[in-house]
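K.L.:
Please read through the structure below; I'll follow up with questions.
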Amino acid sequence: MRVVRLLRLRAALTLLGEVPRRPASRGVPGSRRTQKGSGARWEKEKHEDGVKWRQLEHKGPYFAPPYEPLPDGVRFFYEGRPVRLSVAAEEVATFYGRMLDHEYTTKEVFRKNFFNDWRKEMAVEEREVIKSLDKCDFTEIHRYFVDKAAARKVLSREEKQKLKEEAEKLQQEFGYCILDGHQEKIGNFKIEPPGLFRGRGDHPKMGMLKRRITPEDVVINCSRDSKIPEPPAGHQWKEVRSDNTVTWLAAWTESVQNSIKYIMLNPCSKLKGETAWQKFETARRLRGFVDEIRSQYRADWKSREMKTRQRAVALYFIDKLALRAGNEKEDGEAADTVGCCSLRVEHVQLHPEADGCQHVVEFDFLGKDCIRYYNRVPVEKPVYKNLQLFMENKDPRDDLFDRLTTTSLNKHLQELMDGLTAKVFRTYNASITLQEQLRALTRAEDSIAAKILSYNRANRVVAILCNHQRATPSTFEKSMQNLQTKIQAKKEQVAEARAELRRARAEHKAQGDGKSRSVLEKKRRLLEKLQEQLAQLSVQATDKEENKQVALGTSKLNYLDPRISIAWCKRFRVPVEKIYSKTQRERFAWALAMAGEDFEF
């Protein structure tokens, strides 16, 4: 308890400004080096706590256009006979028909959910006829959309320009808002059209119908004195409110998971930049508390209270394995996903010895978005002993941490440090890991391509830590074959250039004149250029192979302080564009303005 009291005192002193900051040279907020753009717009015009804006005006969301029925020549067949579908049933049939060549339509769960929801959209007489998905033929529908996509690819330059102008006009009308007197870009002003839910991993709701959203589903958020957006003709908004403690412009509930969706500001906006900056600053602040927190949870492994022991072991997993805390779910929710606090006995196996290590814990469960988390990891002996204790006399479906809830864990984290959550731990460990990996992997003398490979390897370590997986892309084999073909062709060019260089060297040795020397230098430069190109292709192939099942983008955009990457780019003379795309550079404009080459997380 002494450590907890010290942590609370430290947190209070930090809020009062009494705890000394780290030296400016380490890139701490407040240092000139870090605050390179001290007049940046995300630092100006701050409101009191909780208030995000004074003025918010926008045009509302853009709705998906109404469904256009299929041409008469495109038919749906059942048991080999054409069936004329009602407009509602036909629209849902097109969602499936578009995906006919996709892996999803081979999955039983997807097919079952689709057929159940499709039948709900059918007229009574259609349901009496169409009783089995296996007897349905969507071939003509699929071919129609394939041909339509192919036609779009061969549009004339004038037709493409016209489509581009229409998109820009839409962007100008709906894609911007006025926030406190400044024009800000909106991130996603289009409401998602209806379709079939896919989900990630083996989601139990895949194939279900995502219904069309109408203005009657949408809540508008804007300032009281602004012009309220006009709903489409013949419609009205579900509600209009003025809540300046949130940053969304419109919200609605989607039909599959009953989750709330939002129209938000673009990530490069002032408010989003400020929010991201504060998120990473909170994670940086954990650095001053983390040693004491770790000492505390280690001490709690021996607590007399079972609740305290369970909390300490859970916190160890959140810290060391970057597990999510896990939120309590409503009874009957279909997806059996869990986090650290909701782990069951069946999700954990204990091995006294495995893979040459002692006290190994094997995790196997479905995490967020139904992504499988599988890991075998050695743990400290007290953790192993406690897990044995927690699992005693329990059935496989019983909770591992039966005295712990997400709410009680979060409350404890707040007591340790103001603003501390499991996600802050995740962000801290991800960012620290990237920084340490970059330091260990990068060599100043490496080529740009080799440095980028080192960066992606560091990013990969973080993605694996955070369990950011992806399925191997369907185009992977083909793209690798193309890459290997390029590598082979480049090797042949290098061999030919090397032979030409030998001949030029022999000629120069025999003649010794200026002309032969010029030819020799030209051949040498060509060989160097080709060798560099070959090295880049080889690095690209290695990078592609290593990351075929790892999603680097999720951690890069959400869990890694961009100032670490920008400082690394500046320190090792790597163009920032090699790490962040144009859109990502706009998103992290605040970090580009702040981070010097000596920034440390």
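Positions of Cβ are set from backbone N, Cα and C atoms, glycine also.
Dumping what Swiss-Prot says about this protein:
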ACT_SITE  Tyr559  active site, O-(3'-phospho-DNA)-tyrosine intermediate
DOMAIN    268-601  domain 'Topo IB-type catalytic'
REGION    22-48  region 'Disordered'
REGION    324-329  region 'Interaction with DNA'
SITE      Arg152  site 'Interaction with DNA'
SITE      Arg200  site 'Interaction with DNA'
SITE      Trp248  site 'Interaction with DNA'
SITE      Lys279  site 'Interaction with DNA'
SITE      Thr337  site 'Interaction with DNA'
SITE      Lys368  site 'Interaction with DNA'
SITE      Asn410  site 'Interaction with DNA'
SITE      His468  site 'Interaction with DNA'
SITE      Lys486  site 'Interaction with DNA'
TRANSIT   1-50  transit peptide
K.L.:
Find the average pLDDT over the domain 'Topo IB-type catalytic' (268-601) in the predicted model and report it.
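P.N.:
Across the domain 'Topo IB-type catalytic' (268-601), the average pLDDT comes out at 89.
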K.L.:
Within a 10 Å radius around the Cβ, which one of these recorded positions has the most neighbouring Cβ atoms: Trp248, Tyr559?
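P.N.:
Per the Cβ count within 10 Å, the most buried is Tyr559.
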K.L.:
Quick one: Cα separation, Asn410 (site 'Interaction with DNA') versus Thr337 (site 'Interaction with DNA'), in Å?
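P.N.:
The separation of the Cα atoms works out to 19 Å.
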K.L.:
Just to verify a number: CA distance, Trp248 (site 'Interaction with DNA') to His468 (site 'Interaction with DNA'), in angstrom, no decimals.
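P.N.:
With distance taken Cα to Cα, His468 (site 'Interaction with DNA') is 27 Å from Trp248 (site 'Interaction with DNA').
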K.L.:
Taking the Cβ of Lys279 (site 'Interaction with DNA') as centre, how many other Cβ atoms lie within 10 Å?
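P.N.:
That number is 17.
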K.L.:
Excluding near sequence neighbours, so keeping only residues 6 or more apart in the same chain, what lies with its CB under 8 A of Arg152 (site 'Interaction with DNA')?
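P.N.:
Sequence-distant Cβ neighbours: none.
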K.L.:
Specify the count of other C-beta atoms within 10 Å of the C-beta of His468 (site 'Interaction with DNA').
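P.N.:
A 10 Å sphere around the Cβ of His468 (site 'Interaction with DNA') contains 21 other Cβ atoms.
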K.L.:
Given the recorded sites Thr337, Asn410, which one is most crowded in terms of C-beta atoms within 10 angstroms?
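P.N.:
Per the Cβ count within 10 Å, the most buried is Thr337.
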K.L.:
Rounded to the nearest Å, what's the C-alpha distance separating His468 (site 'Interaction with DNA') and Lys368 (site 'Interaction with DNA')? Just drop the number here, would you?
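P.N.:
For His468 (site 'Interaction with DNA') versus Lys368 (site 'Interaction with DNA'), the Cα atoms are 10 Å apart.
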K.L.:
Do me a favour and check the Cα-Cα span between Thr337 (site 'Interaction with DNA') and Lys368 (site 'Interaction with DNA'); whole Å is fine.
P.N.:
6
K.L.:
Could you say whether, by DSSP, Tyr559 (active site, O-(3'-phospho-DNA)-tyrosine intermediate) belongs to a helix, a strand or a coil region?
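P.N.:
The three-state answer is coil.
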K.L.:
To the nearest whole angstrom, state the Cα distance for the pair Lys486 (site 'Interaction with DNA') and Lys279 (site 'Interaction with DNA').
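P.N.:
Just about 43 Å between their Cα atoms.
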K.L.:
Which one is it, among the recorded sites Arg200, Lys279, Lys368, that lies nearest to Tyr559 (active site, O-(3'-phospho-DNA)-tyrosine intermediate) by Cα separation?
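P.N.:
The smallest Cα gap between Tyr559 (active site, O-(3'-phospho-DNA)-tyrosine intermediate) and any of the recorded sites is with Lys279.
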K.L.:
Would you mind checking how many other C-beta atoms are within 10 angstroms of the C-beta on Arg200 (site 'Interaction with DNA')?
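P.N.:
Arg200 (site 'Interaction with DNA'): 14 neighbouring Cβ atoms within 10 Å.
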